Amino acid sequence: MTTMSEDTFDKGKVRIDEVSGTPTTGHEWDGIEELNTPLPRWWVWTFAVTVIWGLAYTIVYPAWPTLSGGTQGVTAWHSREQVASEVADLQVQRGPVLDKIKDAPLDKIEADPELLAAARTVGKVAFATNCASCHGAGGQGAKGYANLNDDDWIWGGKLADIKRTIEHGVRWDADKETHVSAMPAFGKDGILTPEQISAVADHVRTYAETPDSDAPTAEGEKLYADNCAACHGVDGKGNPELGAPALYDQVWLYGSDKPSVIARIVNGGGAVMPAWKGKLDDTTIKALTVYVHSLGGGQ
Amino acid sequence: MSSTDTHHDLVDEHIVEEARRIYPKKVDGHFRHIKWGIQFATLAIYYFLPFVRWHRGPDAPSQAVLVDFPHRRFYFFFIEIWPQEVYYLTGLLIIAALTLFLMNAVAGRIWCGYMCPQTVWTDFYMTTERWIEGDARDRIKLDNGPWTLEKIRKKIAKHFVWILIAWWTGGVWVLYFADAPTLVYKLATLQPGVGEAYLWIGILTFTTYVFAGWMREKVCLHACPWPRIQAALTDEYALNVTYRYDRGEPRMSAKAATAARAHGAAAGDCVDCGQCVAVCPTGVDIRKGAQLGCIQCGLCIDACDSVMEKLHRPTRLIGYDTEMNLKRRECGEAPIYKPLRVRTVFYAVLILAIGGFMLVTLATRDDMHVNVLHDRNPLAVRLKDGGVRNGYTLRFSNKKPDVRRFTLSVAGVPGAQTEVVGVPPDAKGQVTIEVGADQTREARVLLSTHGAPAAKGQTPIVFTVTDAETGVATEVKDVFITP
């Protein structure tokens, strides 16, 4: 409080301010004088320490950008390495239960409360990371993306079926064992006329939720038998071997309204799902299988 | 500062008090004995409670007081608290706050003076300091003197003992969070896997040493919020350490007082010996009246009483008294003491009510708890045949130390089919779920209708979980949603 700045340009003007009793620095502008109220010592020291800390930090850790990257810091610390080591620590922690999941057959995992809980936890996280973008956070699906909570399984809903679908995907060209099904594009390729397609659509929609279309016709039934029954079955029950969805039920992957059904017949084909074998380890795939199976109870 | 105008005084008053060291003198007497007793009892409880055993069966820990974070349990003798019952902790905190209020309404800051950990450990540290460096006068002389070998030896000895106490204090703290003998063994033999314990011991050693060794009364004066709140909660009937200025003033030496009395002139009992200030752990002069620095420890009472005894004057010139009595004496009225007031009765009734409520709920709580979580995404699923399925996650908490089996049934939606993932029904279609001793288990329950869907919207349903042995049933309500 009593120290004065040394670089006062007019020492003669330094005096005690009457109102506050504080010395002035001698600086004066238009009659306004600057009081000499230095910063508290602790404040200056704190500031100095933070400056030193900041400089040391830029030396120890990667900090300064250069033209082709940046300084590495003397410790050569990388956030990626830290994440890797943290993940490794986690694996050690979870090791015992993960090993059990790895070694147990799928149905044994589901029958053991401890393994089921662990598999559901691991599977839920893996699902959120890898599957939820298409199948939804709770596996509820969307138009064109299968709902995993219902009882309709295009490629089979048993544990082994689900595991195979996860491992090899659907129409995933990079995987030789992938599920392949190819519905012809009846409209685009000119196999059926628009009137015929409309008739087939009316026929397959008879079991749909709201049969709001024209009454099914004998022509539609015949066209179905000739063009569709080979894959989707005479009674429309579908065929998981061929990946042909059941048509005579109330679960409609691409929508049950007439324009949606017509669009499927016109365009044919089907959705693609990646093969996850190689991307996810076997334990995670098993956990995912059990999780998906538990969502709707599977088949 | 040379300015002498009227503003000068304002400027000269420091915003921050200049640091001064307090050298409390040793004192003996009634309140010091109470303080010794409470200090001994509280420290003994703290240091030895983790080693008290309490047998709970083969699968549960046998430590009387244990905060078991890995298994999410809290054990306190015969009480076992689960995470979902953590509101008991809230109740305890409310009771603790009300008890503090009640203590305050009856006798001011006696919590601060006798029971606060800051006081207890500071007193503990002062005792060791006195033991190594001597009483106040020796310590002042030592601190102001040159750095002789003697001084270095004493200082090293003092800080060594302080750190030892701090280390032991921090060490005991971690014992409340794991099986104490096992952890002591692990820590002593440098076993791996207890790094976290070392870290906490380090942190608490440091804070104990700094708070009890260096900060002492500064915590009470500058860091603790209680004196500020306390001032708003007290009233004129609360007992406080009080200087009876009606008896003590005017101050003069014992000789002068005797002479004055002989001449029939007014003379106070206070001989201005300064002993009350010398023994005060916060450096307060109680004769200046009630103040923030006073922690109501009563040591000045002991100091003053010993002086009064020597002078053959009545004791309790300083004593626990009320502001009301000061005023009454001023008006020539007899002092009164009123511990039963609206304020104290109100606090006491609240404490009893909350404590009683907690005890009743503790005694009557279920040994089985079922929690239901309805699937949110999707809320409901349409099935192939037009039926609807809802998914639920049920969490069973078995609070008994035995494995128990429960049968599950769901009522509310006629004709609905219940399926528990991973648990096949028996021949009678009954689903039995086994829950381990003192454990929780989650089960995924799927409820489906077939064919004609249930009424649109929400249908109330009831899950009934029945203990297969005792037949005691727990019911939980939820809804079945039909889109």
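Note: Cβ is positioned from N, Cα and C throughout, glycine not excepted.
Long-range Cβ contacts of the transmembrane segment (B:34-52) within its own chain (Cβ-Cβ under 8 Å, at least 6 residues beyond either end) map to 63-66, 113-115, 117, 120, 123-124, 168-169, 172, 175-176, 180-181, 297-299. Positions annotated as transmembrane segment by TrEMBL: B:34-52 (among others).
Sequence-distant contacts of the transmembrane segment (B:86-107) (same chain, six or more residues past either end, CB-CB distance under 8 Å): 74, 226, 230, 233-235, 237-240, 296, 320, 339, 341, 343-344, 347-348, 350-351, 354-355, 357-358, 362. Per TrEMBL, the feature transmembrane segment maps to B:86-107 (among others).
The transmembrane segment annotation in TrEMBL covers B:160-178 (among others).
Annotated transmembrane segment per TrEMBL: B:198-215 (among others), in sequence order.
As annotated by TrEMBL, domain '4Fe-4S ferredoxin-type' applies to B:261-290. Within the domain '4Fe-4S ferredoxin-type' (B:261-290), the DSSP-based counts of helix, strand and coil residues read 9 helix, 0 strand, 21 coil.
According to TrEMBL, the transmembrane segment annotation covers B:345-363 (among others).
The domain '4Fe-4S ferredoxin-type' (B:261-290) scores a mean pLDDT of 90 in the predicted structure. With a cut-off of 8 Å between Cβ atoms, the residues of this chain six or more beyond the transmembrane segment (B:345-363) that come close are 79, 88, 91-92, 94-95, 98-99, 101-102, 105. Non-local neighbours of the transmembrane segment (B:198-215) in the same chain are 118, 121-122, 124-125, 159, 162-163, 165-167, 169-171, 173-174, 187, 223; each lies 6+ residues outside the stretch with a CB under 8 Å from one of its CB atoms.
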